[in-house]
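Scroll down for the structure; my scribbles are underneath it.
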Amino acid sequence: MAGNGAIVESDPLNWGAAAAELAGSHLDEVKRMVAQARQPVVKIEGSTLRVGQVAAVASAKDASGVAVELDEEARPRVKASSEWILDCIAHGGDIYGVTTGFGGTSHRRTKDGPALQVELLRHLNAGIFGTGSDGHTLPSEVTRAAMLVRINTLLQGYSGIRFEILEAITKLLNTGVSPCLPLRGTITASGDLVPLSYIAGLITGRPNAQAVTVDGRKVDAAEAFKIAGIEGGFFKLNPKEGLAIVNGTSVGSALAATVMYDANVLAVLSEVLSAVFCEVMNGKPEYTDHLTHKLKHHPGSIEAAAIMEHILDGSSFMKQAKKVNELDPLLKPKQDRYALRTSPQWLGPQIEVIRAATKSIEREVNSVNDNPVIDVHRGKALHGGNFQGTPIGVSMDNARLAIANIGKLMFAQFSELVNEFYNNGLTSNLAGSRNPSLDYGFKGTEIAMASYCSELQYLGNPITNHVQSADEHNQDVNSLGLVSARKTAEAIDILKLMSSTYIVALCQAVDLRHLEENIKASVKNTVTQVAKKVLTMNPSGELSSARFSEKELISAIDREAVFTYAEDAASASLPLMQKLRAVLVDHALSSGERGAGALRVLQDHQVRGGAPRGAAPGGGGRPRGVAEGTAPVANRIADSRSFPLYRFVREELGCVFLTGERLKSPGEECNKVFVGISQGKLVDPMLECLKEWDGKPLPINIK
């Protein structure tokens with residue numbers, strides 16, 4: 001990215017630079033964002049600010065979290081621009097917003113430049129704050145991001161403002177003092193006039209100006225300056241300085257930057273969760289084969305498939321699923337449903353949109369976006385429209401639709417996961433108790449997910465087609481950039497709710513598969529022992545043909561879904577005993593013996609260990625071995641690349657296996673994950689799942 005107005009002769013239209021920004025994988029880009037967000041110092045000079053850095057400063061309370069430094073090399077150019085304005089006025093120059101009125105009244109003239117700046121701030125202080133605690137104030141995190149982005153823009157030296165003002169705003173940032181800005185009231189063209197006027201109002205000491213300190217106290221401008229250590233009193237703005245602060249897109253682009261940081265992380269998370277979904281559903285991993293996606297050409301889908309392929313290639317679940325799917329293949333669907341099988345094709349375009357939106361916002365936070373632009377080298381004040389925040393509005397609309405589509409896929413996968421008719425042998429509603437009549441598992445959670453998804457789909461509608469003309473029809477088209485960014489922030493919150501809920505459900509499914517394997521192993525072991533003990537001889541003391549039925553009995557167990565007989569494996573009314581009876585009866589009929597006696601003996605010995613969710617002390621409804629980690633069959637998740645995510649939920653966050661016998665509700669556990677995601681704690685375990693990926697799909701092997 002060429003900074004400070006430099007033109008690259010080989011790329012005069014900037015298309016080459018825009019294309020180059022998309023080189024490499026999306027995952028690598030997310031890793032870079034995360035690294036940038038963890039830098040202790042953000043040094044800005046006007047053209048190199050990154051989304052991750054904006055997110056970091058937004059979430060930090062003050063310099064102890066992230067310190068902001070100004071590049072001293074910017075001082076001369078900022079000073080030159082400021083001095084040019086004063087010199088131009090002294091020689092009778094006529095400049096918009098310096099000697100003229102504003103917007104639709106720019107035909108008016110004045111020679112009192114400082115007074116004009118005072119009136120600019122007064123009439124733009126049009127925001128409504130309510131009581132100050134009822135949701136009408138912009139969150140301080142967004143204000144911090146806006147201050148950072150505005151400073152970055154003004155450092156480029158095209159705006160006619162003193163460097164000392166930028167230093168003062170930086171001191172406010174570093175001491176955790178955030179001006180109070182109204183949540184609403186901007187159309188982001190001509191910039192974010194109304195909210196930015198409150199930043200200018202604070203540094204000029206307007207009596208209505210307020211700020212919030214790092215400990216949440218509200219203070220006036222004088223106290224804010226004292227806390228920040230700004231000496232010399234309030235600023236009296238020179239001509240153009242008020243306009244330089246307010247006439248820009250920095251609030252919309254700042255919020256958009258923080259939103260896009262989260263959107264990129266959640267996009268990668270959706271890829272990982274789709275792979276985990278395949279694991280717990282005993283899915284068929286061939287949907288990730290590189291040839292399929294290479295033939296469709298879309299890079300987002302190719303990468304999404306490669307990421308899922310990587311996780312599934314190292315999955316113990318997939319080895320087991322292969323065995324399961326090989327049993328009676330002609331009686332099973334040949335392919336999985338769309339929510340799994342087309343997940344790369346669904347997520348790929350969303351990732352492409354999110355990447356493009358991220359780069360557009362990154363260009364905007366490094367742009368000169370006020371009016372007029374002061375060209376010191378040519379001695380001109382260029383009157384244009386860089387304040388038009390259309391890149392923000394359009395990018396946010398596009399990103400929000402992509403976020404809604406990610407949520408739609410997540411809901412479709414979740415709905416399959418909790419539905420016993422679709423989840424390939426898992427329990428109804430992922431219930432974890434012995435008695436399914438007293439455990440409805442994730443039923444309420446599915447209702448909540450439907451609510452989240454519905455609201456998210458509504459938010460997917462565009463904002464930018466609702467533009468209203470303003471300022472005496474001077475601002476007859478405007479971007480609504482901040483409005484769209486706010487709605488995208490809402491969409492991100494809802495996707496976090498959905499992701500949290502889905503993660504808890506997937507971990508429940510992982511443990512149910514573990515339970516399933518141990519129950520089946522226990523039943524097989526018991527049937528084998530009982531068969532060898534009691535089926536060798538018939539009641540008359542002769543060798544029984546039933547002694548040859550052991551293999552068929554084990555095969556019948558393999559073919560029967562464990563949770564159909566989990567209440568009591570020895571119950572004659574449940575499917576397992578009916579299938580075992582059929583095996584013995586077939587042997588009896590073929591040999592002329594009576595099979596009922598053998599079945600009765602088998603039942604009398606009770607298939608112990610097959611009561612899968614018995615209330616063992618401390619087991620939370622699971623057999624003691626599974627609950628205590630001493631089960632004969634280990635949990636396959638420990639031998640899968642998705643394990644770091646599971647470990648994070650179960651160990652770091654302490655989320656438990658849910659059963660009707662416990663008081664712990666699904667919402668309590670989902671909330672733990674939601675807080676973890678919101679605090680950024682999920683990023684490391686998510687990336688750990690992919691640490692071995694080399695950025696390439698598996699090779700296409702031709703036999």
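From the backbone N, Cα and C atoms, a Cβ is placed for every residue, glycine too.
Taken verbatim from Swiss-Prot:
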type: ACT_SITE; residues: TYR96; note: active site, proton donor/acceptor
type: BINDING; residues: ASN247, GLN335, ARG341, ASN371, LYS443, ASP471, ASN474; note: (E)-cinnamate binding site
type: MOD_RES; residues: SER190; note: 2,3-didehydroalanine (Ser)
type: REGION; residues: 608-627; note: region 'Disordered'
By Cα-Cα distance, the member of binding-site residues GLN335, LYS443, ASP471 nearest TYR96 (active site, proton donor/acceptor): ASP471
Fewest-neighbour residue among recorded positions, criterion Cβ within 10 Å, set SER190, ASN247, ASN474: ASN474
Length of the line joining the Cα atoms of ARG341 ((E)-cinnamate binding site) and SER190 (2,3-didehydroalanine (Ser)), in Å: 46
Cβ packing number for ASN371 ((E)-cinnamate binding site), 10 Å threshold: 22
Rounded inter-Cα distance in Å - ASN371 ((E)-cinnamate binding site), SER190 (2,3-didehydroalanine (Ser)): 9
Spatial neighbours, same chain, of GLN335 ((E)-cinnamate binding site) - Cβ under 8 Å, 6+ residues apart: LYS284, TYR287, ARG341
For LYS443 ((E)-cinnamate binding site), nearby residues of its own chain (Cβ under 8 Å, 6 or more apart in sequence): VAL418, ASN429
Cα separation, the residue listed as '2,3-didehydroalanine (Ser)' to ASN474 ((E)-cinnamate binding site) (Å, whole number): 10
ASP471 ((E)-cinnamate binding site) CB neighbourhood, other CB atoms within 10 A: 16
